[in-house]
Amino acid sequence: MRELFGIQVTSLAVVLGVLVVLALAAVGILALRSPVLFKLGVRNMSRRRGRTAIIVGGLMLGTMIIGSALAFGDIMSSTVRSSVITSLGQTDEVVSHRSANAPDIPTVGQSTGAKYLTAAEAGAVLAAARDIASVDGAGPEISESVAVQDRTSRATEPQVTLFATDPGSMTGFGQITSTSGGRVGLEQLGRHEVYLNSKAADDLSAGPGDQLVVFAAGRQRPVTVAQVVEYDGTGTDGDALLMDLRSAQRLLGVGTTVQQVRISNVGTAVSGAQRTDEVTTALETTTGPLGLQIDPVKRDGLQQADDQGATYLSLFSTFGTFTISAGILLIFLVFVMLAAERRGEMGTARAIGTQRRHLVEMFVFEGAAYDVLAAVVGAFLGLGLAVGMVRVLAGALADTGITIRYTLTWTSLIVAFSLGVLLTLAVVLVAAWRVSRLNIVAAVRNLPQPPKRRRRRSNGLLVAACLVLGALMIAMASRSDSAATFLVGGTVGLLAVVPLTRLLGGSDRLAYSLGGVCVVVWNLLPFRVYDQLMPGLKMGFSVWILVGLMLVAGSTWVVVYNLPALLGALMWVFGRFRRAAPVVRTAIAQPMRNRFRTGATIGLFTLVVFTMVTGASISMSILSAIDDEKTFSGGYDVTAQTSPLSPVTNMDRALARAPGVDQADFVSTAGQSYVPVDARQVGHQAYAGYVLRGLSDSFARTTTYGFATRARGYGSDRAVWKALQSQPGLAVVDSLSVPRRANWGSAAPSDFRLSGFYLEDKSFDPVQVQVRDTQSGKVIRLTVIGVLADNVPYTMVGLSTSQRTLAPLGAAAAPTVWYFKTASGVDPVAAAKQLEAGFLGNGMQATAMSELLDDAVSASLTFQYLILGFLGLGLVIGVAALGVIAARSVVERRQQIGVLRAIGFQARMVQVSFLVESLFVTLVGVVLGTVLGLVVAFNVVTDTARQPGWDNLVLQPPWGSLGLILGVVVLSSLVTTWLPSLRASRTYPASALRYE
């Protein structure tokens, strides 16, 4: 990746690296000034290596999460960049008639009627390009989709990219190399010879000497495979067939015209794109008068690759926020535990004159040592984790032909290491400051810290501060329509309950219980309640993060301050068992005594489990709703694309003539045109590249696709489709091009966006849109009367109107996408294969809608499990926390264990007490996280189900996956505590009571 959150990664790595150096230098200077304190701080690392390993393992997880997110983004960016380089090779710009190339939008369809450059136009561009100092190559090019059949192997491929150029214009565009070794050239081809790239050779089971038939533009031509080659620059990273320019022109019947002129800039396949502005400026004096456009294909492709990498990084960073928060809690917990262990030592040191800052310095020295070691290990393990996740994803994408490029950059490693060091060091500083604030007498005598005296004045100020700050945030939310600001403002205002209860004489237990309940209830309200309180609020991922953190804090308060009541309930259940009662009472007593430690651990588990349950339940519910073939298919069983060189204009007539196809197998057919356009809403200045679809009358008549919202005056979905069919000039648009209040990460496919209403609105005023055919320049005015529902597949992305509306565009509006409804009893998969065979000359590629749906759901499920596993790392942090607590508790409670043994506790009872304590904390966190996560997921699913098109959406948590993961976590917590509990059970009373 080149950018991270809009910042150059190289610059970010330099800045963070400098900050790390400065921070470590500051620690080093302190160590030189106080060598004794430095030795006291770091001596425990070598003395207690087992504990050091546990601490480092816990601290490294935050860095590991950051590193894996960065590395995953690097790999995916590199994969897309590699695809761009394979497709374009050394080509940096192409010159063609305006928008001969479709906008880069993930959908289906190809435009027909692309206008070629005349020999004179191409010659003028070539002459001008070759005179530019920054250009090292320019040549004519044809890159079209054709169908190929291998007569030798009998294999067929309906869509192979035909690449052709002038053999004398290869300078600057790289070499064609044979897979058998050596360089070859287009000039070496005979009159009826071609090259195949290795992918095409594999798919066709072809080799040198095989006889092929190429189908294009209604013609077919027999050719012979001369060599199987490798070449970057054919215009595709898939199957390609290479021939010389004159042969391709004869095959396509285009005379001496060419599709475009390709230009290579001075530099490598990547660095050459940096000269695009210079080359474009120099060429515009030639291309402008000719009405041609210069397309910076390389720069745009590389930018798209970086954007995709940044998207993956943003996704994993968002989900990783909860895990990183859990890691911060673990870091804080570790140093609180260390302080509790050394409390007597620190009290004695303070008593003989050591200052509080000296204690802070000792902890900072120890923390910095752990920090650096953990960051190094975590950064490299993060890279390994990212590679593992990508391999899992690659397995799901194997059928797509995507080749994963495992490229990791030093800049990402430096950023991960630096963020890990700085984040951990900041938490260590806060923790060190907190633990240094101890009562000397209580610490020396190993007595509980005396409670702080409550001041009425401070409580009054806190009440006022919470109310004022909360009101200000709500006022800000009313202006910005930010749901996140509104929810946080409400939470802050409700927190005034805590100091207010204290002010009125209530206990801490009552104050924090009331405050926690208010926070939890406020953040668990259904979204429609917030919308009623403040209409027009906009939701986003930030809401989920903030709600999760606030729910965890509130619920943890409620549980921690009501542990005595929980203990009473447990004793009521287990008190009747004579052997169990003392074990349960002692197991719960320690969490009650160390309220902060217990709260931090419960909060840690709750936070991670909440994230997993919410994310998995929402995504599984939506996937289950989408996994509905009736909704996904729109009433059709097979979809097909034809080559733009050989479109089918009348499918019903063609079916009757197609060899090997039984027309009776198909009940109805529906066609779609695909036209690249520039579009804008009337009243807006800027055009944006988009897709315009022309729907046949049969499509509008038979489709079952629904709408999220309709224009006023249209009472049903069928009314919209009927109007589109009968009235030219009407259109519908995909849901991604319309703003929404609840934006959970939906990205628009292009810069074209409508305004004036939201997707959640029940109706809207018809919107006027202008679309401009980018080849002919003709402008068509459309009226948008409907927005397709979210569950309509990506195949409908774009503006859709009737084919009669597109009639003025002529051949450019010929249909290239077809839908088929099969007769009862006909297998759609078999029908798709028949269509491909019968329409091979048209380059038809047909797929059953059920297969498209299965592929989409399968890939989404794999990605969901990937996210689930990524979030599961937070549970590793929780288990690590329990291990740290259990190991330290044995030392900290050594004398208490001795007393228990002395009064009759058996070794087994001591061990079970530690295990029950660990199990109690784990189960409370798991149950809290699960309940809160299910309620939030229910609110999201219920709110979404109220929108049109989601009638079949219900909450469907993946109980199997969640149960397995949480069950493993509970067992792991017991295993982690088993060794410390065994050590505690083997403590002899006499030695424990003498322990100082």
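Cβ atoms here come from the backbone N, Cα and C positions, even for glycine.
Quantities reported herein were computed from a predicted structural model and do not represent experimental measurements.
Database features, via TrEMBL:
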DOMAIN    318-440  domain 'ABC3 transporter permease C-terminal'
DOMAIN    870-989  domain 'ABC3 transporter permease C-terminal'
TRANSMEM  12-32  transmembrane segment
TRANSMEM  53-73  transmembrane segment
TRANSMEM  312-338  transmembrane segment
TRANSMEM  359-390  transmembrane segment
TRANSMEM  410-433  transmembrane segment
TRANSMEM  460-477  transmembrane segment
TRANSMEM  483-503  transmembrane segment
TRANSMEM  510-529  transmembrane segment
TRANSMEM  541-574  transmembrane segment
TRANSMEM  602-623  transmembrane segment
TRANSMEM  865-891  transmembrane segment
TRANSMEM  958-979  transmembrane segment
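With a cut-off of 8 Å between Cβ atoms, the residues of this chain six or more beyond the transmembrane segment (510-529) that come close are 487, 490-491, 494-495, 497-499, 501-502, 539, 547, 550-551, 553-558, 560-562, 742, 932, 935-936, 939-940, 942-943, 946. For the domain 'ABC3 transporter permease C-terminal' (870-989), residue counts in helix, strand and coil come to 99 helix, 0 strand, 21 coil, using DSSP. Same-chain neighbours of the transmembrane segment (602-623): 319, 322-323, 325-326, 329-330, 333, 544, 548-549, 551-553, 555-556, 559-560, 857, 860-861, 864, 867-868, 871-872, 874-875, 877-878, 881, 921-922, 924-926, 928-930, 932-934, 936-937, 940-941, 944, 953-958, 961-962, 965-966, counting only residues six or more beyond its ends whose CB sits under 8 Å from a CB of the stretch. Mapped onto DSSP classes, the domain 'ABC3 transporter permease C-terminal' (318-440) shows 105 helix, 0 strand, 18 coil. Each of 359-390, 410-433, 541-574 was scored by its Cβ pairs under 8 Å to the transmembrane segment (483-503), and the highest score goes to 541-574. Confidence in the domain 'ABC3 transporter permease C-terminal' (318-440), given as mean pLDDT, stands at 76. Beyond the transmembrane segment (410-433), the same-chain residues lying 6 or more positions past its ends with a Cβ under 8 Å from any Cβ of the stretch are 1, 4, 9-10, 12-13, 16-17, 19-20, 23-24, 59-60, 62-63, 66-67, 70-71, 73-74, 324, 328, 331-332, 335-336, 339, 359-360, 363-364, 367-368, 370-372, 374-376, 378-380, 382-383.
Counting residues 6+ beyond its ends, the transmembrane segment (460-477) has Cβ neighbours under 8 Å at 483, 485-486, 488-496, 498-500, 503, 534, 537 in the same chain. Same-chain neighbours of the transmembrane segment (541-574): 318, 321-322, 325, 483-484, 487-488, 491, 508-509, 512-513, 515-520, 523-524, 580-581, 584-585, 588-589, 591-592, 595, 598-599, 602-603, 606-607, 610-611, 614, 744-745, 924, 928-929, 932, 936, counting only residues six or more beyond its ends whose CB sits under 8 Å from a CB of the stretch.
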